[in-house]
Each structure stands twice: as structure tokens, then as C-alpha cells.
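Peer 1: The structure under discussion is supplied below as C-alpha cells; questions concerning it will follow.
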Amino acid sequence: MSESQNRPKSPLARRFRGFLPVVVDVETAGFNSKTDALLEVSAVIISMEDDGMLYPEPPVSFNVEPFAGANIEQAALEFTGIDPFNPLRDAKPEADALNELFRPIRKSVKSNGCNRAILVGHNATFDHSFLFAAAERGDVKRNPFHPFSTFDTATLAALAYGHTVLSRACQLAGIPFDNKEAHSAEYDAMKTAELFCSIVNRWKELGGWTTDQQDYAD
């Protein structure tokens, strides 16, 4: 049995069946995770107050160097406004960025008595595919994320607020959203984290989750 499995589960671990929710957003130079460059990555660990309400931790974010031979679609750069080769980006190689990104996530998984992190994203399959493709390319070890399961805030927002677009869902949830700041991995990750916490907390307030149900997660 692993050390994390021996550690008593925190209320957060019990809330999500041993999974630690971590919001991830990426900015890329295209849609193909195998061929197109990863340019930015940001992660926001989700924590829980004593009363069971969720809140986002500060983001951990990196600009990323395009990997050797990466495809870069000009249309994608025009959409995000990112110049991949601007030296002021202080970009890191993929493997270095992911190793640093994963370190605090593994620490939080351990401290909460969780088994794994689970990626939370807005259209999460996209972010998950780029994160895992980059980890595979860089031979990054000890990836803390579940290899295929995710929590998708586009789906959750459609249920809770009747809208799937991040900016509109945030507005409906009462979360300020600046379209001029959008398409930055860090900004979008923070707003996705706020949206996720808003939906889960609202569900709790409506009686959809109580502390009595925590035993079901064991």
C-alpha cells in the first residue's frame, strides 16, 4: 500500500473519492497535442475550508519553449497573442516546466491523503491531452494526474448555469471576467478554478453534498 493510501484522508479527499482536483489550462500553437507546440501551462490546486467549501490556491504557471520540430500554426498565435520566441517570456523546456508544475501537486496529493490528482479543465480533454503528450515527450516521471478521468467545467457550467462558454458561464456565476486577459493560461486557469468552486459550493449549499456522505468515498 502506498504512503498516500496509508495517510488519513482529508475531507477534500473524501469529497472526491481520493482525487485532488487541480485546474489546468494550456495555451498551444494548434489543436494536435502530438505535433503542435505547448506554449503556456498553469495549474491551480483546489483546497477546502473547514466548513467544506472549496477555494482555489494561487496558480503555478510557466511559459514553455516549443519542443524540437513542433508545428506552430500562425492562426493559433494570432488568437492567443503569444510570440513563442520572445526572449522576455523566460520560457522553460517542456520537461523542466512539467517537473516544476507537478512538484507542488504531488505534495498536495500527499498532504490531503489523496491517491491522485484529477485534472479539472474547461473542455478538459484538450488540456489533458497536451499535458500528457508533453509529459511523454519529456519522459517526465511521477505524473500525479489520473491518466484519463477529468472534471469538465464546460459540462458542469451547462448544468449549473445553462452555458458552456467560460466567459459567459463566469458572468452568470457572478465571477468577474475580463476578455482582454483571456487566452492566458494563468488567467483562464484561475477563472476556471473560481467557476469550479462556485458550482461545487452551490451544490453543497443546496444540500447536494453533506458531511454524512463522506463515508461513501472510503
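Quick reminder: no glycine exception, Cβ is built from N, Cα and C everywhere.
Below are the features I grabbed from Swiss-Prot:
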- 22-196: domain 'Exonuclease' (DOMAIN)
- D25: Mg(2+) 1 binding site (BINDING)
- D25, E27, H183, D188: Mg(2+) 2 binding site (BINDING)
- F31: site 'Important for substrate binding and specificity' (SITE)
- F79: site 'Important for substrate binding and specificity' (SITE)
- F126: site 'Important for substrate binding and specificity' (SITE)
- F148: site 'Important for substrate binding and specificity' (SITE)
- H183: active site, proton donor/acceptor (ACT_SITE)
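Please go over these features one by one and say how buried each is and what sits next to it.
Peer 2: Counting every protein chain shown, the number of other Cβ atoms lying within 10 Å of the Cβ of D25 (Mg(2+) 1 binding site) is 29.
The DSSP secondary structure for H183 (Mg(2+) 2 binding site) is coil.
Using a 10 Å Cβ-Cβ cutoff, F31 (site 'Important for substrate binding and specificity') registers 12 neighbours.
Residue density at F79 (site 'Important for substrate binding and specificity'): 11 other Cβ atoms are found within 10 A of its Cβ, drawing on all protein chains shown.
In the three-state DSSP classification, F126 (site 'Important for substrate binding and specificity') falls within a helix.
Cβ neighbours of F148 (site 'Important for substrate binding and specificity') (same chain, under 8 Å, six or more residues apart in sequence): H128.
Using a 10 Å Cβ-Cβ cutoff, H183 (Mg(2+) 2 binding site) registers 15 neighbours.
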Peer 1: Between F79 (site 'Important for substrate binding and specificity') and H183 (Mg(2+) 2 binding site), how far is it from one CA atom to the other, in Å?
Peer 2: 8
Peer 1: For H183 (Mg(2+) 2 binding site) and D25 (Mg(2+) 1 binding site), determine the Cα separation and express it in whole Å.
Peer 2: 9
Peer 1: Where does D188 (Mg(2+) 2 binding site) sit in DSSP terms: helix, strand, or coil?
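Peer 2: DSSP assigns D188 (Mg(2+) 2 binding site) to helix.
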Peer 1: Does anything in the same chain, at least 6 positions from F126 (site 'Important for substrate binding and specificity'), have a Cβ under 8 Å from its Cβ, and if so what?
Peer 2: V26, F31
